[in-house]
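As recorded in TrEMBL, the features of this protein are as follows:
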TRANSMEM  50-73  transmembrane segment
TRANSMEM  79-103  transmembrane segment
TRANSMEM  115-135  transmembrane segment
TRANSMEM  141-159  transmembrane segment
TRANSMEM  180-201  transmembrane segment
TRANSMEM  207-223  transmembrane segment
Amino acid sequence: MIGIAMSTSTTSTAASSASRPIAPVAPAPVRGPAASPVRHSWIDNLQGQFFGVVMVAFGMSMLHSLGLIIGQIAGVAFLVSYGSGISFGLAFTLINLPFYLLAALRMGAAFTWRTLAAVTAVSLLTNIAGNYISYRHLDPAVGAVLAGLCVGIGLIALFRHQASCGGMSILAAYVQERTGFKAGWLLMGFDLALFATAAWFLPMERVLYSLAGAITMNLFVAWNHRYEWYIAR
């Protein structure tokens, strides 16, 4: 009787265990090539860089037509252009030359060549944009903010496709990649010093409009250029 009871109990326990649902097992984390970020093809990079160049040049041409400036090395180029009479494109190209050494040493040859191409294209497009686009009815306040947005989204496109628009953006891209410090905040610090200098040479109204555009650009870059939001490389 005792043996039968034990056998029956064992059978019941086994049947009960078999009837319970089995908890799903979590899949093992993916490792190796499957976990690597998506890689851009050459056509991906080409179209991204083209978009970035066009947007930056569009914003720069708006600012130039209004007699305003922007932050970073482009702002220095605007001041040189207004003060000397040389074209913005030439000033922008010449001032950027020393920064290519940093790009070559720290960011690699591919990044340097892409940046050189981007700076050259932005310089040329900004110089000729006035021949095809009229800004006669553009309000300075609206133009400054719109230009800031255009330049900001253009810089992000260049950053995401392993290029930049030269100057401080090379340094900012390098610092963010190495330390995680937001590129936009570094650029904003440089811009504060730049605009303090510009106040000695430009009417205060133009400086304030320009400052609004630069703040717009830097905040846009700081909030949207985040590697954790973008998986492709």
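Placed from the backbone N, Cα and C atoms, the Cβ positions cover glycine too.
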Any chance the transmembrane segment (115-135) and the transmembrane segment (180-201) are in contact, meaning at least three CB pairs closer than 8 A with a sequence separation of 6+? no
Suppose I define contact as three or more CB-CB distances under 8 A, residues 6 or more apart in sequence; do the transmembrane segment (207-223) and the transmembrane segment (79-103) meet it? no
